[in-house]
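J.: As listed in TrEMBL for this protein:
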type	residues	note
DOMAIN	A:13-76	domain 'tRNA intron endonuclease N-terminal'
DOMAIN	A:192-248	domain 'tRNA intron endonuclease N-terminal'
DOMAIN	A:264-347	domain 'tRNA intron endonuclease catalytic'
ACT_SITE	A:Tyr294	active site
ACT_SITE	A:His305	active site
ACT_SITE	A:Lys336	active site
There are 2 protein chains.
Amino acid sequence: MELEGRFDEAAGVVTVGSDARQRYHDSRGYGYPLPDGDGSNQIALSPVEAAHLLYRGDLAAVVHEETGERLDFQAFVAREPGDDFGVRFLVYADLRERGFYLSPAAEPWIDDPPAGPVDFAVFPRGKGPGDGEIAYALRVIGERTDVPASDLAPGVLAVVDEESEITYFDVDRRAPTGGSDSADALPDSPCEADLLEDRVVVWDPPVDLYERAFYGQPLEGREYDEPTLQCSLLEAAALAEQGAIDLEPATVRRRGRDVEGERFDRRLAVYTALRDRGVVPKTGYKFGADFRTYADVESVDDLGHSELLIRVHPADYVFEPRDLALDVRLAHGVRKTMVFALVDDEGTDADGADVEWWSLERLTP
Amino acid sequence: MELEGRFDEAAGVVTVGSDARQRYHDSRGYGYPLPDGDGSNQIALSPVEAAHLLYRGDLAAVVHEETGERLDFQAFVAREPGDDFGVRFLVYADLRERGFYLSPAAEPWIDDPPAGPVDFAVFPRGKGPGDGEIAYALRVIGERTDVPASDLAPGVLAVVDEESEITYFDVDRRAPTGGSDSADALPDSPCEADLLEDRVVVWDPPVDLYERAFYGQPLEGREYDEPTLQCSLLEAAALAEQGAIDLEPATVRRRGRDVEGERFDRRLAVYTALRDRGVVPKTGYKFGADFRTYADVESVDDLGHSELLIRVHPADYVFEPRDLALDVRLAHGVRKTMVFALVDDEGTDADGADVEWWSLERLTP
């Protein structure tokens, strides 16, 4: 027997009676049971769930309680019942097709819904709303929806692009750590250094400054057969701070601000935080990022693979999904993990800046 | 015998006498000969050339003509003789090391210097300034130097990053063309379509609309076993324009502007231009671009590889080298060519917009 639902547009639910509870909820994880004082087995469905049942042909139609209209899948979708209905339906249908049950991340669909901006609770394969296990706390957005950095939360972000393809990102905190200790590779007395337009030349540094601490780039860069090192302004600021070169830290920082504004202070804060964490940052320019990082540098001769790409943003930055896709895709392509370093305003004096670290990786549910 | 140069800082040249002409110019392509009325074999060097000879130890020193100072390589470099001396020297030295001779792109170093913002004329390997052949017209910038779109010129762009690593880009005009003709795959009468928040659903379209013309995305996207197509607003605007769906073109365009502003008009202008050129554009979202393109679509079942990634910018856009590095690197990683579509203001009415196409590819000299 084909069932029909009743659409209470104000409440934003579709109720279905008869044996809907067994047929849709208990066996396939749709909706939630309604108190069955009247002996019925009614359930309530979110519009997305109802649309999916209409789409599958499991529900014949839903009847609008006020207007009495009889809505099939096309008519129901055309009404866009509920916020972001289009993108949420696409993600719901995709995950159903991948063999997951999922519910709106809200009571009474599930108990103790996950906190934060979460749209769906996705249950482990083979589990449902009643089993109290959640595989993914899922947030759904369209590719044109901006994401304030302050909204980032551990979980899965599903982005629906303009052609309705879906990309899933695993979002998590990811503070870099490593075993690179460069302190004892620094010279005992300051090396002679010249501040050029937007870089610093260090003359006759100890070989270890490059080979073990991995500061700078030998002139001409091919091999390290002569003692002149080119350093970035970030490296030079860090070296000056530690008394390793004969330039004033303030002078180098001032030059940094001259050539790239306050962005320089944020990047220096992250550069310093990474060195403090035993991680060696080198420029990520070739990857369009601020840094690539090496967790365990013993010697530049066997450097190994850099693990992370790091992009620095102010704490109040607002991400565009398309930029996220670009960064994460590139990092994935070069077998690295994309990490965003969010620096709060304290960051602008480069000391004790508060840095939040977030990794984003592509995920296939 | 070691030679010394005379540095005329005002003129920005270093002159060397004795047998400098044979030793440096004729045999190794440095500088240009000075009229030798006095029977000498003098040459004039640009500061970058002089610095390289000092660096190689071929010149012992240069003497400052006004101050009489005797400058070695370190002292000469520390003076930063000339604009962007640091980055120009690094690129000059890198290309010399790669076995090229190169000269400042100016008379009297070479005859008929290439037009536009060019720093060096790089000669084919084995050739020099006198041979009248140029391998690359080379422009040198630091990674923090913005590049106005109007400055793009065919040639090679060398970007020196903050750690003095160099990336070379081959810049050229690249108008996409293809043999995809979708006109006769469109329906004879408009299909029923619903405009959702930021996409369009087309109900019961002819199978060819997707399978041959490659418009839209079947609902759930896995395989094409049912007739509902999701289209982007760009695809819908193009279909409405051709009377293939029952929506007003103006209505779809208005929605497009609502959700992404004037950027929508630029992207529609490029989308339309690509279809007119026999190229099928699909979203480039997963690559962080506006479009990926297919030059010869017969059927979606054997689609082949998409050749280009296209990013749309207004004609007065200003590129940041780091963004160029990101786009070109990503495109290279997925075996595609990065193309920038620059749309002038006419573009804002989506018809007959003037689009300039530029490709950037990584180059190893």
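Cβ coordinates come from backbone N, Cα and C, glycine included.
Walk me through the surroundings of each of these features.
T.: The secondary structure of A:Tyr294 (active site), as reduced to three states from DSSP, is extended strand.
Its Cβ placed at the centre, A:His305 (active site) has 10 other Cβ atoms within 10 Å. Taken residue by residue with DSSP, A:His305 (active site) is part of neither helix nor strand, so it is coil.
Using a 10 Å Cβ-Cβ cutoff, A:Lys336 (active site) registers 20 neighbours.
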J.: Express the distance between the Cα positions of A:Tyr294 (active site) and A:His305 (active site) as a whole number of Å.
T.: 7
J.: Please report the number of other Cβ atoms within 10 Å of the Cβ of A:Tyr294 (active site).
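T.: There are 21 such Cβ atoms around A:Tyr294 (active site).
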J.: Under the DSSP assignment, what numbers of helix, strand and coil residues are found in the domain 'tRNA intron endonuclease N-terminal' (A:13-76)?
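T.: Secondary-structure composition of the domain 'tRNA intron endonuclease N-terminal' (A:13-76): 23 helix, 17 strand, 24 coil.
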J.: Could you give me the DSSP helix, strand and coil counts for the domain 'tRNA intron endonuclease N-terminal' (A:192-248)?
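T.: For the domain 'tRNA intron endonuclease N-terminal' (A:192-248), the helix, strand and coil counts are 14 helix, 12 strand, 31 coil.
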J.: How many Å separate the Cα atoms of A:His305 (active site) and A:Lys336 (active site)?
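T.: A:His305 (active site) to A:Lys336 (active site), Cα-Cα distance: 9 Å.
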